[in-house]
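**Student:** Once you've had a glance at the structure underneath, I'll fire off some questions.
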């Protein structure tokens, strides 16, 4: 018996100082879609997401609201969880860094690395960004027109000097450069690896990993006036969520200790530095395998540029769900936005993509096919007898080829290209209808030809519904109900067979994706 393949995918844990926006939704939907596809492909999947709940910014925010930091992060974790529920996110675990088991494991990690000589006590002086939770040296800062020091994200910097524990990193750059070269798929896209080398590794410094100016964090057991700085705390969630250094390491052993597990960290490009440089150094010193791939996607921007609260162009995914529905949002983000570059979010494009690819193409194919089955065959799918029409074989070959291409593209994280392959099947099927003219086949009593056409169209619906099911969670369920399928019809194994529909009775058609009509101003 073949060993089941394993797939571990994580989002970054999201900082718990504010409400989720479209960027959070985008990252999490990508991870969910990849997790669902891998389950469809037969993988054992562990999908991790959660909240980063320590740090100065949270402590300040709680003070401003006159509540405790714990009350703030408790409230915000519920807000994120409610959004994930609305977006049909199928995570395996939702971790919070304020959980006791995480905090205890992080303290153990610090103590181990300190005893190994990887960590030392020193003095940190420089520029600090509260918003980014990041230190900046003079070479990295930007001066505004009025001479204010800004970080690369445009936030105001503070000048600080304090006692800090440091992680020895300055001598690890050659090791990482070699690893990048020998493992070209470690960082995707490849230009992100080049950014790491050119912008950071050539001047890699030891990393400050503790703070004394605030206390909302994990205290260091050896020196409790220090709390562990966000990145050593936050990055460890990928291990602690699986029970690393706890009383139950079963999941850690299952996923992290198996070198054949495909481990993917999905994240936005602004935090690539921490995952591509600091994280592998931590793992190397802990003698733990590296992730297979760090998948660093681009930003969602607007026509005005990057989203920011000050510009008032931050997009609330809840509003989009209320307006267009969850499937429309999930599909648009996966179909129109490539992971590997920045993409402009446009509601006009969302509507166009929805109407063209879901309402007109996929939804209309279901309506037309079920309508013909009702009209010509009393809702009964005819028996499959092979290729009868001259273009039956062409359609079958395209279906088989594109099923494989969808899998190949998903395994390369090219979700948009996979969806193009699915749409190609639907476009060809519409052409197949127009070429064969079922209304004339019925009129001329060409029963065998009409039967073949109907069977092949049901196969098109089964294949496209199966391949779209990781994205269209609600729409695929409605399609299954109308087709009177059970879950066994929506598996890769079932896609190879045409005779599973023999004399299968379908239900009447109801619109699944009604067109969005935009009133002209």
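Every residue gets a Cβ built from N, Cα and C, even glycine.
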**Student:** Among the residue ranges 3-13, 14-24, I'd like the one that Swiss-Prot describes as motif ''HIGH' region'.
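**Tutor:** Motif ''HIGH' region', as annotated by Swiss-Prot, spans 14-24.
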**Student:** Ranges 291-295, 296-300, 301-305, 306-310: which does Swiss-Prot label motif ''KMSKS' region'?
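**Tutor:** Feature motif ''KMSKS' region' in Swiss-Prot: residues 306-310.
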**Student:** Validating a neighbour-count step here. Other CB atoms within 10 A of the CB of residue 155 (Zn(2+) binding site): how many?
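**Tutor:** Taking every protein chain into account, the count is 15.
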**Student:** Averaged over the motif ''HIGH' region' (14-24), what pLDDT does the predicted model reach?
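**Tutor:** 94, rounded to a whole number.
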**Student:** May I ask you to report the DSSP-based helix, strand or coil state of residue 151 (Zn(2+) binding site)?
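**Tutor:** It is coil.
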**Student:** Under DSSP, the motif ''HIGH' region' (14-24) has how many residues in helix, strand and coil?
**Tutor:** 3 helix, 2 strand, 6 coil
